[in-house]
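Feature list (source: TrEMBL):
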{"type": "DOMAIN", "residues": "211-241", "note": "domain 'ShKT'"}
{"type": "SIGNAL", "residues": "1-23", "note": "signal peptide"}
Amino acid sequence: MTMKHLLYLAATAGFLTILIVRAKPAPVPYNTLLTELATVQEEIVTVHNSLRRGVIPSASNMLKMDWSEEAAQNARMLSTQCELRESSAPRRRITNTFCGENMHLTSYAISWSNVIEIWYNESKYFKYGEWTSMDNGITIEHYTQVVWATSYLIGCGISSCPKRMSTQYLYVCHYCHEGNDLAKRNEPYNVGNPCEDCPNDCENKLCTNPCLYYDEYNNCKIQKRSFGCSRSTFCKASCLCDTEIK
């Protein structure tokens with residue numbers, strides 16, 4: 001059984017908490033990774049949700065993720081550019097919100113489970129509530145986006161990128177709502193018992209009541225208290241979502 005199958009079976013069984021690559025990921029056929037395939041979409045969503053429900057310390061407001069074809073179309077388009085470079089915010093926009101972005105470039109095609117695992121394994125540099133030094137090339141942004149509590153939609157794409165005498169593969173995932181808010185990157189979710197913040201909307205330790213909107217201003221809570229929702233166009237999350245996770 002391949003590493004891909006072990007990871008995916010563990011995820012579907014619901015006990016995949018921390019993924020550690022102990023061997024070089026096995027190559028897989030490129031055409032089995034295309035995100036137009038329902039099986040690939042299911043794999044990506046299932047592995048993400050398994051990792052999200054297993055964070056340490058546990059999360060009280062972690063949303064369950066679902067597939068977004070709109071986000072996937074954006075991710076596929078960006079992957080065709082074959083550039084390992086963060087895209088501009090307008091290119092990560094979907095209906096009602098913006099999306100965050102994770103990318104990974106490989107010299108041969110590997111499973112989506114392996115790619116998500118690589119992002120998640122940045123958790124070894126992360127300690128909840130503490131700021132992580134970015135010296136020596138250390139990064140945690142891929143991990144924090146994977147476990148960003150209010151991201152509830154995901155869409156991904158992959159492209160084959162010819163490079164002189166070889167071929168590389170660019171993986172792109174978009175997470176909506178966007179994560180990695182600089183002010184909260186050291187606390188990507190609320191610590192507490194699973195579903196503590198959504199007791200009536202819980203499915204296997206994940207919340208199922210996302211706010212579908214986002215606030216365009218950082219001070220929307222203050223504006224709501226001061227002016228009500230007369231400016232709700234820019235503060236939709238604060239004005240339209242009361243009990244939803246936002």
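Numbers run from 1 along the shown chain.
Note: Cβ is positioned from N, Cα and C throughout, glycine not excepted.
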Compute the average pLDDT of the predicted model within the domain 'ShKT' (211-241). 85
DSSP helix/strand/coil residue counts for the domain 'ShKT' (211-241): 13 helix, 2 strand, 16 coil
